[in-house]
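The repeat 'Solcar' annotation in TrEMBL covers 13-105, 117-204, 210-304. Among the features that TrEMBL reports, transmembrane segment is placed at 322-344, 377-397, 529-548, 554-573, 585-609, 615-638.
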Amino acid sequence: MVGYHPEAINEPLTSAEYSEAGLASGIVTRMIIQPLDVLKIRFQLQEEPIRGRKSGKYKGVMQSVFLITREEGAKAFWKGHIPAQGLSATYGLVQFSSFEWLSRQAAKIVPSDDQSIRSTSDFMCGALSGCLAMTAAMPLDVIRTRLVAQKSGHAVYTGTMHAVKHIWEKEGIPGYFRGWIPSVVQIAPFTGMQFALYNCFMDLWPFTGYESTGALLSGAMAGTVAKTVLYPLDMVRHRLQMNGFERAGFGKTSNYSQGLFKTIVMVVKHESWYGLFKGLWPSQIKAAANSGCRIVSIHAASCTVSKLVFGTAADRTSSSRLFIGGVLLCCTSSICLAFASAVWQIELVMAMIGGVQGAGWVPATKLIASWFDDSSYATMFSLLGCGSTFAGMILPLSKSFYWRTLEFNTGFLVLVSALTCKKWIITEDAIRKEVKPIKKSELEEGDATKLTSIVKSPVIWHIAIVYFFSMELRTICETWAPLYLTEKNISPTTFQFLYELGGLIGIVTSGVMLDKLGEKFGVDPSRRILGVIYTTLMLLVAIGVFEFEKSSTIISFFTGFFVNGSFNIWCLIGSQAGTRTVAGTCSAFISFIASVGAIFAGSPLAYLIDIFSYQVFTVIFVTQAILILSISTLRIPLRMTTEKRKSD
């Protein structure tokens with residue numbers, strides 16, 4: 001329930017629970033979008049043109065990413081992250097709690113039987129609560145903007161608390177509220193426009209039975225369009241927040257102390273109308289992700305971070321105990337999801353599930369690697385990877401069951417199975433370690449392999465880039481392909497079943513072939529050749545899904561075969577890219593980089609489809625196939641070697 005209505009809808013939440021909802025729903029999303037905020041603010045504050053002979057420091061999104069990374073390091077993308085988290089928490093807490101209180105007060109005055117008056121009342125309460133929330137969070141917004149704006153080596157503030165003290169001493173209370181007017185002015189129009197556009201897009205959604213997908217896309221498009229129309233106010237707000245702040249190392253800076261309208265006139269006069277929309281592209285990505293993909297983003301971000309954390313932990317602790325702990329926590333979270341009722345509860349549980357999934361997969365691959373040698377590792381690894389594909393294959397059969405019942409039953413079944421197998425797995429792992437202990441030379445190699453060498457290794461980036469394409473295409477086949485086929489009046493259920501069936505066979509086949517070819521041609525050469533073949537054919541066959549949709553029944557099977565086979569091969573290669581003592585860290589880092597492929601298949605790809613239609617897939621797939629073949633000619637090794645081994 002959003003707001004208060006007299007009719008009973010289960011059990012109403014308390015004001016404290018609404019405040020908790022505001023806090024829980026913003027933290028993870030803010031962590032994801034912070035790099036986009038940094039790019040947006042840097043573009044907004046640059047007075048020089050973005051393109052042309054007189055262009056400024058930042059000329060485009062990718063150029064800016066590489067430039068900031070080279071000059072200030074990757075950590076620069078999280079400048080101002082602490083006040084930004086405080087901003088999200090404060091804004092969410094004040095907005096949710098004040099909206100609940102205001103809507104309750106309005107319900108005592110507004111007739112409950114008139115839907116139009118109630119809608120207007122909710123809109124007014126939402127706008128007022130947004131203004132209150134923005135006012136409460138404004139000091140943190142000013143500090144966040146200034147921390148993002150300062151360059152390493154030219155820093156005015158050393159941190160958040162230093163900024164608070166410095167602004168108080170130099171500017172007083174008004175310094176904390178610079179840019180307040182454009183911030184408040186845009187709230188009511190943005191809220192109204194976003195909801196109006198959302199309803200408009202939902203009315204235009206043509207596919208019955210896929211309302212959840214329509215809601216996701218409509219929310220993303222509504223947020224993007226509304227953000228674009230009101231974007232100049234956001235740009236002016238950040239310019240005004242820089243008054244009284246000495247910004248060095250970025251080019252020209254002007255005095256914007258004359259107010260909102262004169263600042264707009266000054267920008268148009270010196271930078272043209274285009275200047276009001278600087279930084280729009282990263283802002284659009286942020287708006288779409290923030291409006292339409294919150295729950296998905298929370299789970300994806302938690303899962304990605306957990307793989308990094310538990311991948312590193314698997315190199316330093318017992319993989320068997322970590323694996324069992326991850327499975328127990330994951331199925332417990334699944335049971336909790338069955339009882340979640342409010343949105344904030346679902347978001348919290350999804351974050352929990354994603355946060356412990358990394359404790360299951362990475363330690364499991366390490367157990368397989370320690371239990372089996374290279375002659376059978378690929379087959380056993382492939383059997384391990386069949387689980388998610390098998391689950392996807394039976395997913396259409398579960399549509400007739402209530403999702404809460406399904407979550408509870410599967411969670412309970414896995415919980416009982418994990419408790420049953422717990423002692424056997426831990427005992428078996430201990431026995432295997434006695435038979436196959438880690439050598440002293442391997443421990444020394446692990447000590448020599450630092451995180452910086454992993455990040456800079458061409459081996460890791462080579463695997464991650466190709467793995468990126470597999471991750472991207474798997475996401476496309478699971479999201480965009482069903483939408484496209486539905487648009488062409490072709491059953492997506494048949495496509496999904498045959499795709500997963502082909503994937504199941506493709507995973508097992510790729511693992512068996514790797515072991516057989518490894519005996520004849522060597523482990524790494526066979527993995528390289530088969531990986532390139534599977535990935536290239538994966539891209540070429542996928543073209544048929546969007547070009548020959550009438551033959552999708554046959555094509556879907558082979559698409560699943562090569563997509564999941566390629567995914568399995570490069571995931572397997574990544575699991576053994578590092579030395580035995582850092583294999584988990586290397587695998588987690590590769591997975592982290594490759595996850596960008598799934599992100600690209602979301603909002604950025606939706607933007608391309610909106611412009612070029614589904615024909616864009618052919619261009620993308622052919623280009624990527626050529627790129628993969630080009631990378632394969634470089635003959636980059638598939639395993640890291642330490643400096644110690646090289647010297648030997």
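Here the Cβ of each residue, glycine as well, is placed from N, Cα and C on the backbone.
Not measured: the values here are computed from a predicted model.
Would you situate these features in the structure and describe their surroundings?
Over the repeat 'Solcar' (13-105) the predicted model carries a mean pLDDT of 75.
Cβ atoms under 8 Å from those of the transmembrane segment (615-638) belong to residues 458-459, 462-463, 465-466, 469, 473, 476, 480, 524, 527-528, 532, 535-536, 539-540, 542-543, 546-547, 573, 577, 608-609 of the same chain, restricted to positions at least 6 beyond its ends.
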In the repeat 'Solcar' (13-105), how many residues does DSSP assign to helix, to strand and to coil?
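Helix (H, G, I), strand (E, B), coil: 73 helix, 0 strand, 20 coil.
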What are the DSSP helix/strand/coil residue counts across the repeat 'Solcar' (117-204)?
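Going by DSSP assignments, the repeat 'Solcar' (117-204) contains 73 helix, 0 strand, 15 coil.
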